[in-house]
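Annotated features in TrEMBL:
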DOMAIN    64-125  domain 'Peroxin/Ferlin'
DOMAIN    137-170  domain 'Peroxin/Ferlin'
DOMAIN    800-861  domain 'Peroxin/Ferlin'
REGION    419-442  region 'Disordered'
REGION    1120-1148  region 'Disordered'
């Protein structure tokens, strides 16, 4: 999970943030500004400053905020002068928007505020629906408005072209003032809250910002999204009374507190109405004491009353935003806030510390206990540097400068008097449950304070920082009784004022325990699996120093003598235990080990069904240490006992299989790979299945002599389930005319869960999850259900992934009732999957497996291809394409594997330069595409630092979806409209290149994916056709034309030696067609770069493969001469099931 931030404001108006991966508060830039309140989201933070203006702090990112301005130039043809600017009176403007109704000359566009800047001047867009236009970018039509084409015809009477210009938001990581005309907001704001980003994913980065003015009015900021982070304007929202405070959650929850103490809830908030429609009043938690503060999340509401009591609202969700009732919670707080994942943060009433609510989960939203966040601030003096001089310096600072400040600090100091009373009663801070830590009693405090004062005079040691803020009036009496020799001026400075030790350069001071006034967790992502370092403020410098001093005390001579002694002892032990018994014969030449169990086996002949079987693995090891084994499956057939067997060294892959009712896995051998019909077994529990998979995988690796992490040449693949597999290629894999068949390749599983993976020869491997999170391979192996010897002990990390599960609501129209959920008997289910063949309702739909857990409720998906109406419906004439609405629910998987996350930009595609074995590249080029279509170049990627250092944004005129880099830094990309582009002038000196060249797509085809090798460029279009780019040379890298190779192709990967591997659909097996099959193109040579035929490998159920790390040159085979009688007879070529060029990859 990427690091996120918790935002706070101290009593002096300074804003600090704390990273979930950090251990100290970091003060924001513009330290001279003072704020009243802040409200945070993951991408930005809003605040109300002491000058009553609203400010925005957009977090810096490698991905800039760019907005595309566009206008259209229109012309009409006349017989005299041809096309000109002279239009008819009924025509549109010469310069207009796309509809022609709005006048938009080039000089009418202005920057929204001083936070924006122009990237360049206006230029003509020469791309039209994925195809390049003529040089001037004109498109032609018969009349306005009409259907436009890029080709000029005899009937073309009008034409237009699009002009583009980009502006960039420049004020990143700094507070930018939001322009607000006086007429919009006549009175200043007193409270502000942002949220609503989960209401809809479109437009991108959409936010809801609510504010409360000093007069109790409520305002809503309109038009906040990614390309317009400042919003457009403020709109007033009517309220039933004067509002004191407001809170907005990530979804559709908005609560507010009235001055009288009542609570109101906003209703009617939808995707199309972010402001809602009406207010509903909710009773105060306490009838006698009104509410003063409210905080809402996704499914939770917390409130504070005037007596600082904490209350939790039960039964709150999107269907019942008002909840069911109040529950009193332990603790006394002055402010409270709900962050992401319904995590709760608060500020204590007595000590003004920030508290975190532990134990908050989706099943227990109220949590378990409060725990104080105890970390230092940047700039605070180190505890270990304190000495007896700190007493004198404290007296110096407080003797005059503190009294010179205004009454604000005095009020803070007076606020601590009640805390003193509480300490005398034996407690401090907010009321907490009994299991939490409490401060010592009065006598303990006195004794410890006395020790703090006496210790420096006796030993010169530092003060105990734990008690540096304790009121020391009693300690002074102790000092007088014990005769401590301290200066009167110094001891007089150790009063309650001394709790705020001030530095000369800081006008407010740096106290050991800061006082916080406001907290916002809207941008802080914490869950039950998060590891936080917020609660350990113990200074470890003394411990590190002691360890260093111990290591320095051991001399090199002592180390050498110690090593010599250990070596002599080991030698003596070896002689005693091994060498003295060499003359004995070995008692056992080989060992046999058997594991048995019961499973279910899918009988692969009629009648097909699951039957109970006994399963056994027999392993044996020879005298030389070689290991092998046999699998046995014992079953009954007409009361006759029979068995199947398979040698472990013949197994090629073990694959977990998705099955709703059983814990199933498949076992492949070369013969069963050809048949597309593996041995399918089902275990009783998921744990038992994982145990067998781990055991069988280790046995297969031992029998083949494979151990440790994958090699740099490994071929990586991913199944449709997200499981990761690697195969170690043999040198003969690409050899001709006798290559190693694909069905004999052995694949082993690697822990983790990914959607795609990319590698290169130097061992750099990146992956992308279903939630678009980027991961880098750490060099380990195992993880997941691999434990013990099957997994490395280091380089294994926790990995999470989130994917969406879809179901479809179908309806049919009838003349009487319109659209209803009553269909014809031949129709699909009214709640179904995408195919309509299986019934899938909201209640019976389960996550993909027990490893997945739901993390959201069902919601309508409006971002489907083709668009929807306001209710999410799509329409058609009849099934299978019919009236339906997409419902989406997210589920989350947590596993382990040799992967580390690369925050914070979400990616959809990544490519790494496929270096050859002889190449020597210091920094490896790596390109990627964000999930929003932005092109990025990763800097600092090396074999030692595979994660790189930072992103470099590469500008484009439209969003992209696929990218690939080949030899000589050839960068090809596919835009979302299906057009192809080539990036020019990419080199180590210019890693981002200079410009994009538009490459025409194959006729009437929209491309989907591209892969570039040493000299080959191959693409896959939306219809599954595989295309080869002809004419690619070093002098003309764009090539000349496209040539069709095959169809039924899902993905393609071109290696560093121009090897071609694909994922093919509709491959014929012994029983049915197989989708998602790994195929290898044979006969690829410099004279025949398109290859000759296909060799089918493992499948189906595969979704991705990459061979961009395999740069092993095939061995050169000398064909026997016909005149050489001594030469052996040639082998018969392997009978591949193949196809000719331009035939289908799915044909047999």
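Backbone N, Cα and C atoms are what each Cβ position is placed from, and that goes for glycine too.
It should be emphasised that the depicted structure is a prediction, and the values quoted were computed from it without experimental measurement.
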Remote residues contacting the domain 'Peroxin/Ferlin' (137-170) - C-beta distance under 8 A, at least 6 residues beyond either end: 58, 64-77, 83, 91-92, 99-100, 106, 109, 111, 115-126, 128-129, 131, 229, 955, 957
For the domain 'Peroxin/Ferlin' (137-170), the number of residues DSSP places in helix, strand and coil: 0 helix, 16 strand, 18 coil
Summary of DSSP states over the domain 'Peroxin/Ferlin' (800-861), given as helix, strand and coil counts: 0 helix, 26 strand, 36 coil
Summary of DSSP states over the domain 'Peroxin/Ferlin' (64-125), given as helix, strand and coil counts: 3 helix, 24 strand, 35 coil
Local confidence of the prediction over the domain 'Peroxin/Ferlin' (137-170), expressed as mean pLDDT: 91
